[in-house]
């Protein structure tokens, strides 16, 4: 079996990670003690991707939980599925990172990272054929962003040919915890561009808007935001966890989704959007699901896909439905909106169908888009970064941990390069492509 080792780092990473395990354990018929009570062979067919089978037929998540302070992990341990995790896989410090990327990446986090890697190694060794790693973390804090990216680069060193996939929560001024979020996020993106194969950008601003506008929640809590995140994570991993043909492992997904190595930041979406209480009241049709799934209001990243073009798209439909209808609807969307898909990648929309719907829904659709509009998100962070960095505000917290201003400047320019790369491919047309080649050849000559 092709196994995935899951890591969760920092407060946010552990909270959405714990929620992810609750949701997928439920989908696979596994109770909080790790015992299987399911009703379908499909639930067990690829259970080994995320779970180890321990003695006595118990299923244990292949998960490593990391934090620089014990608080969040205590609440995971005392939460509904806290007892399902392997006790040795909780690795935590006592000092905390104080929302400081440098502490997570260079000082406090660097002291803890070896003990985390020991646990990761142990998990990787119990795998039959490891396909890769997935990390849940946020980019705004200290541990998830600083130590999370440190873990990624260390794992990359040790397992260079394995896929590295992250679910990264991007900070937003609307749901802000700390004033230095733009610094932490920019330093993290600098790392993610180089060291991950696939990054799902989950954006607090978009989650907030969905709760507020679509779900009509006047005061959304983190619980409500995390409900959306876990629905999305369950959807994008459905292909990996249940038998199917398309994008059935992380590498195949990357091959379909990433046309240029640096442009691997995906915009996830989900349909139907329901609040935590009200799932079961109406069944959607395939056309409605498709319509909703491509709607800007359903995107989990606060970017408007109409401001850019899709390089590639993967869609996962879940539930019992007609494949023919799904294919027709997906073609329909592409034909009607052809200007929003780059014409120099033919067949750039792939669709998978998985028979088992998420709990409480007859059918659902998850959307993964590699759109040039994601540059809006990086621009937003970059502007906030520049505003503070110009005045060197709060910089002493970072230089005090041994960082150099140079690293900030590099991170800033790497992020701006990323934005212009997205812009370049947004403007490119099939005809021009040849001209680029010729110009390049002339320069060489």
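The backbone N, Cα and C atoms fix where each Cβ goes, and this holds for glycine too.
The feature Mg(2+) binding site is assigned by Swiss-Prot to 69. Packing around residue 69 (Mg(2+) binding site) is summarised by its Cβ count: 19 other Cβ atoms lie within 10 angstroms of its Cβ, all protein chains included. A coil conformation is recorded for residue 69 (Mg(2+) binding site) in the three-state DSSP classification, outside any helix or strand.
The feature compositional bias 'Acidic residues' is assigned by Swiss-Prot to 429-445.
Per Swiss-Prot, phosphothreonine is recorded for 55, and the stated evidence type is a large-scale study or a structure entry. DSSP assigns residue 55 (phosphothreonine) to a helix.
What Swiss-Prot records for 58 is N6-acetyllysine. Less than 8 angstroms from the CB of residue 58 (N6-acetyllysine) sit 33, 34, 35, each of them six or more residues away in the same chain.
What Swiss-Prot records for 172 is phosphoserine. Taking a C-beta cut-off of under 8 angstroms and a sequence separation of 6 or more, residue 172 (phosphoserine) has the following same-chain neighbours: 203, 204, 205, 208, 302, 380.
Annotation source Swiss-Prot lists 5-glutamyl polyglutamate at 438, citing similarity to another entry.
Annotation source Swiss-Prot lists region 'Disordered' at 426-445.
Per Swiss-Prot, motif 'MREI motif' is recorded for 1-4. On the 0 to 100 pLDDT scale, the motif 'MREI motif' (1-4) averages 88 in the predicted structure.
Residue 55 (phosphothreonine) is 31 Å away from residue 69 (Mg(2+) binding site) when you measure Cα to Cα.
Following the DSSP three-state reduction, the secondary structure of residue 172 (phosphoserine) is coil.
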